Amino acid sequence: MADQYMLTKRIIPCLDIKNGRTVKGVNFVNLIDAGDPVVLAKQYAEKGADELVFLDISATLEGRKTTLEMVLRVAEQVNIPFTVGGGISSIEDVDLLLKSGADKVSINSSAIKRPELINELSDKFGSQCVVVAIDAKQINGKWMVHLAGGSIPTTLDLFEWAKEVETRGAGEILFTSMDHDGTKDGFANEALSRLSSELNIPIIASGGAGTVQHFVDTFQKGKSDAALAASVFHFGEIEIKDLKEELRTNNIEVRL
Amino acid sequence: MNIVIIDYGAGNTKSVQFACNRLGYNPILSNSEDVIKAADKVIFPGVGQASHAMEMLKKSGLDTLIPTLKQPVLGICLGMQLLCNATEEGDTLGLGVFDVKVKRFSNKVKVPQMGWNTIFDLESDLFEGLKNDAYMYLVHSYYAEVCEHTIAQTNYDLNYSSALKKENFYGVQFHPEKSSTEGAQILRNFLKL
């Protein structure tokens, strides 16, 4: 019976947002426009996406205001949960996003700069809405955490940082392997599997999705709880329904 | 119809309001006793930490009002848990509508449970038009045990109550407002009661 009623693995399209429009960075550079976020979000919900992530890469205050309006429109029209990340550094930022209808927020650089922020957010809003995103890549065999969209290396070790993040009250970790992001060569399953076994909160795999088999692998070998991808979904290379059917064929629990 | 979403500073009121809007209803947000008493339907949402939410309820004097309501009341997520006797989260005393305790999931599973899981053994008009094993979106670290008020169960770590009912009070652990068309159906059913 336990097998019959299992929490499903989640498929999460990620939409990079700049000034209210969707963009996707390939290896964090070269931005390609992939449409209106609200229209895309609604489509994804109808196609069977389990959740959505919006990553705001707007650099200006005005751009960020536009994003807040977009969050409200998404909340109005979309009937699945969504996370908003990018440039969030205070309780006030989070309060505004949650009040606009976001279900969760994702923090990254601000948590590295001031780890207490994780405690403050989970105390005030509950750990269920605090996702900590971690960008890391291997340097001399060690997974090193990077800041600011992956542009600045830190001295933090991925696994130590992830443990600290959990202890401070994060509800979930979104791990992006910079070595895999944009390559379409598969997810960083070795690191993911280690994260999943060392931690007791859900892990979202990000970076490297290219084929359906990559998703099968990240759930089976990477022990990920959810998998996030952008371009394979945005450009129709993988249909979510086909993907989920294939996952089910591989005995991976999904919502269909 | 006069629908009131209780707005006490610890709920995802916007999402619930929008979900009702999508069904063609226009609920209002309020923490006023008179407004809540006069409602045809009351929705009691809640997210975050239990003891904090309970404090907020007490501040607005709603802790004494809610258990006395006579119209259909729907507690969602933490709202449902607060309608129970007590929760292990912050050792918080609840409103005592549902005679059941809320406990923490064991560390054999990842906590919080986050994502889509099925509801089964459905026993209420709340679930009209839904098939057994419908998928619902859940995010929670604490669960209500199976008890005499259970009208739906979910399995995670163990079988627990994903929905409760006692007289005019309903509680759902999942988020119908975020659970796609099946969740919308449950909200619709509640609003039609």
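Keep in mind that glycine also has a Cβ here, set from the backbone N, Cα and C atoms.
Going by TrEMBL, these are the annotated features:
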type	residues	note
ACT_SITE	B:C77	active site, nucleophile
ACT_SITE	B:H175	active site
ACT_SITE	B:E177	active site
DOMAIN	B:4-191	domain 'Glutamine amidotransferase'
Run through the Cβ atoms and count how many others sit within 10 Å of the one on the residue listed as 'active site, nucleophile'.
27
If you count other C-beta atoms within 10 angstroms, which of the active-site residues B:H175, B:E177 is the most crowded?
B:E177
Would you mind reading off the Cα separation of B:E177 (active site) from B:C77 (active site, nucleophile), to the nearest angstrom?
11
Using DSSP reduced to three states, classify B:E177 (active site) as helix, strand or coil.
helix
Take the C-alpha atoms of the residue listed as 'active site, nucleophile' and B:H175 (active site) and report the distance between them in angstrom, rounded.
7
